[in-house]
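Here is what TrEMBL says about this protein:
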{"type": "BINDING", "residues": "Ser23, Pro24, Met25, Cys26, Ala60, Gln102, Arg215, Ala307, Arg308", "note": "FMN binding site"}
{"type": "BINDING", "residues": "Tyr28, His164, Gly165, Ala166, His167", "note": "substrate binding site"}
{"type": "DOMAIN", "residues": "4-324", "note": "domain 'NADH:flavin oxidoreductase/NADH oxidase N-terminal'"}
Amino acid sequence: MTVKLFEPYKLKNVTLKNRIVMSPMCMYSCYKEDGKVTDWHYTHYTARAVGQVGLIILEATAVTPQGRISPQDLGIWSDDHIEGLTNLVGMLKEHGAAAGIQIAHAGRKAELDQEIIAPSAIAFNEKMKTPKEMTLADIKDTIEAFKQAAVRAKKAGFDVIELHGAHGYLINEFLSPLSNHRNDEYGGSLENRYRFLKEVIDAVKTVWDGPLLVRVSANDYHPEGLNIDDYVQMCGWMKEQDVDLIDVSSGALVPARINVYPGYQVKYAEAIKHESNIDTGAVGLITSAKHAEEILQNERADLIIIARELLRDPYWPRTAAKELGVEIKAPVQYERGWNI
Ligand SMILES: Cc1cc2nc3c(=O)[nH]c(=O)nc-3n(C[C@H](O)[C@H](O)[C@H](O)COP(=O)(O)O)c2cc1C
């Protein structure tokens, strides 16, 4: 058997050395609340690059201060953020990892001491703030903020940009009828609710010709919400807009109970891959190499995206290689202790 997990994968002009991706995970570690990279980020991300992860996608990084989930979020809303991000990208590449960044706006899920904005003035739950309904000018400004974030990501040397369209944050809020009650061209039909994401993709593409990923929540887990059929349709539109890959997550648009089990979102990655005819990444409770290999060999997804298991084991690629009985290259400094 040829092991697929360690086969290279081409994303436009970028070749990943394997199919293992570090999932974006907020670290809430900008202690000065300025959105700038801190020592924690250098240590945390570089450790996974040393551990031989193929693509590292930085945590949700805010395109405006108002779009942060918390005051400690990483940011890319100003040119002052470029220096730290450039240094970090350099460190990741030094260890052979490709560098990605998830650019994001929290919308109604921002927990900040300031006004927050969303497609409609509907709070996520009774504990959270009611957002201000975005005006057309707010929409235009936010699309521009995503575009400027892409300009800065390019300057910092990132290989990949991922748009955060999942987990009930701003883009996701536009897509779902549960959070979008607008009467203008950004609300109503699925096409109209997709318009904000469509315009964000188009705007980013005017300044970014590298690989573009979109993370989606393929199920709202609510009878009146979006389901996989809606996402198959929208991911087809993303394919037409030349998005390279869909990172397929689910939930968190509204409070809902989700039945989680190993690979619980893989079926959505599989449906989108085959029905929307676009490459996908599978994420969610994938912790063993054999499980990852099964997903790839059965062509259920093209990349394996790992979050919490990489917190527990920064060298998960090495652990996975051992589980699959193959040897992978070690950082030269570690060669004497790696493949034994
Ligand atoms: C600490 C932590 C922070 C997270 N932050 C983000 C984030 O910034 N963006 C995102 O899309 N998902 C985020 N997630 C979700 C993960 O990327 C992933 O989709 C989820 O944990 C399921 O994968 P797993 O079972 O491998 O952990 C976060 C998860 C954790 C545990």
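Any Cβ shown, glycine's included, is placed from N, Cα and C.
For ligand 1, the binding-site residues lying close by, meaning a CB under 6 A from one of its atoms, are Ser23, Ala60, Arg215, Arg308; the full candidate list was Ser23, Tyr28, Ala60, Arg215, Arg308. Taken residue by residue with DSSP, Arg308 (FMN binding site) is part of a helix. Here His167 (substrate binding site) comes close to Lys109, Arg215, Ser217, Ser249, Gly251, Ala252, Leu253: these same-chain residues lie at least six apart in sequence, with C-beta atoms under 8 angstroms from its C-beta. Long-range Cβ contacts of Ser23 (FMN binding site) within its own chain (separation 6+, distance under 8 Å): Ile57, Asp247, Val283, Ile305, Ile306, Ala307, Leu310. If you take the CA of Arg308 (FMN binding site) and look 10 A around it, you hit none of the binding-site residues from Tyr28, His164, Gly165, Ala166.
The binding-site residues examined here are Met25, Ala60, Ala166; by Cβ neighbour count within 10 Å, the least packed of them is Met25. Max Cα-Cα distance over the annotated FMN binders (Ser23, Pro24, Met25, Cys26, Ala60, Gln102, Arg215, Ala307, Arg308) is 17 Å. Of all Cβ atoms in the protein chains displayed, 27 besides its own lie within 10 Å of the Cβ of Arg215 (FMN binding site). Spanning the listed substrate site, residues Tyr28, His164, Gly165, Ala166, His167 have a farthest Cα to Cα distance of 20 Å.
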